[in-house]
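Heads up: the structure comes next, in structure tokens.
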Amino acid sequence: MAGSPSLSACLMPWLSVPLMADGQLRSEGRALRFSLWASAVVAAGALILGIASGTRIIVFDGAYMGIGLVLSAISLKASSASAAGPTRRFPFGRDALTPLVVLIQGIAVAATLLVAVSDAVVVIRDGGSPVSAAVIAIYGAITAAIGFATAWWMRRAAPDSDLVGAEIAQWRAGAILSLMMLLGAGVALVLQGMGLAEVALYVDPVLVLVACLILAYIPIGLIRAGLNELLEGAPSKEIDAAITAAVQAVRNEFGLEQPLVRSGKVGRKLYVEVDFVVAGSAWTVGEEDSVRRAVVAALAPLGLEVWAYVALTASPELFECSRRIYPSATRYGIIGEWTNICGC
């Protein structure tokens, strides 16, 4: 079918790199289960200690970890569902669960911070609250060590998982909060030693406010990342650069002109569309397939499930039409939307 590459692109435009390897899936599941159990232990201990000692900052930390426990369970379910692959009901799989869970985590963390801020403001208005500096210091030191150690181990266990990345963000946030407790305990001891016991009453609620301010970037980042993928936004700069390099290598190999490239990432799936304009009479279906396989092979090192749509057309007006519809998409990896320039 020489001279008709547009038709062949419509008939068989898609190739994909296999889903995440079984080893990676197992690593992700193991990391999420570890996070689940660690959250349960820390949350239970924090709530018991915080309520018994009447220390709001510890109660807040326990509530934060409790929410993390629920979110870890949701992440584990989402990991299993997205790993199941395409089904009759979900022919493209359920990878959108990953950014959805990340978004939910961001909203939940933001809500926790808002509640904590409100409570701290009420306590300050009412004249502060007494605290046990020794209890806060011991708790802060232990939980900070647990938080940073857990985040470090999870990053090593599953470095390429978005779900694990969201969990790591929560553990780091908790560890930072614990460091603030340790610092605040030292301040309270100094104030009490100086005979400023009345001022020390405000240490606990002020610590909560400072911690919430420091942690605010975490829910913002999670919400932004989740929304970007759910709305089919462009992938990260690192992935975009890898796509650019892969397409450039294929162009050099086959002597092709600059194509129209669009990409979008949803969970583990990376959608990449590459549209070339060629001289139709000079290309066969087999040669077009070679270009398609070369693009997919070049993207394989990304470690994602790549769904590559590669089309060659001999009709420049179709390419120009795509430029007019997506004027900013003529550079690599800008728009996460899809159009079939073949007109099928």
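Quick reminder: no glycine exception, Cβ is built from N, Cα and C everywhere.
TrEMBL does not curate its annotations; it predicts them automatically.
Residues or ranges marked as domain 'Cation efflux protein transmembrane' in TrEMBL: 34-231.
The transmembrane segment annotation in TrEMBL covers 34-51 (among others).
Annotation source TrEMBL lists transmembrane segment at 57-76 (among others). Long-range Cβ contacts of the transmembrane segment (57-76) within its own chain (Cβ-Cβ under 8 Å, at least 6 residues beyond either end) map to 29, 32-33, 35-36, 39-40, 42-51, 101, 104-105, 108-109, 112, 115-116, 119, 131, 135-136, 139, 143, 163, 166-167, 170-171, 173-174, 177-178, 180-181, 184, 204, 207-208, 211.
The feature transmembrane segment is assigned by TrEMBL to 97-124 (among others).
With a cut-off of 8 Å between Cβ atoms, the residues of this chain six or more beyond the transmembrane segment (130-154) that come close are 31, 34-35, 38, 42, 46, 49, 53-55, 57-58, 61, 164, 167-168, 171-172, 174-176, 178-182, 184-186, 188-189, 192, 200-201, 203-204. Annotation source TrEMBL lists transmembrane segment at 130-154 (among others).
If you look up TrEMBL, you'll see 175-194 (among others) marked as transmembrane segment. Beyond its flanks by at least six residues, the transmembrane segment (175-194) meets 57-58, 60-61, 64, 131, 133-134, 136-137, 139-144, 146-148, 151, 200, 203-204, 206-207, 210-211, 214-215 of its own chain at Cβ-Cβ distances under 8 Å.
Same-chain residues lying 6 or more positions outside the transmembrane segment (206-227) and placing a CB less than 8 Å from one of its CB atoms are 56-57, 60, 99-107, 109-110, 113, 116-117, 119-121, 124, 162, 166, 169-170, 172-173, 176-177, 180-181, 184, 233. Annotation comment: TrEMBL describes 206-227 (among others) as transmembrane segment.
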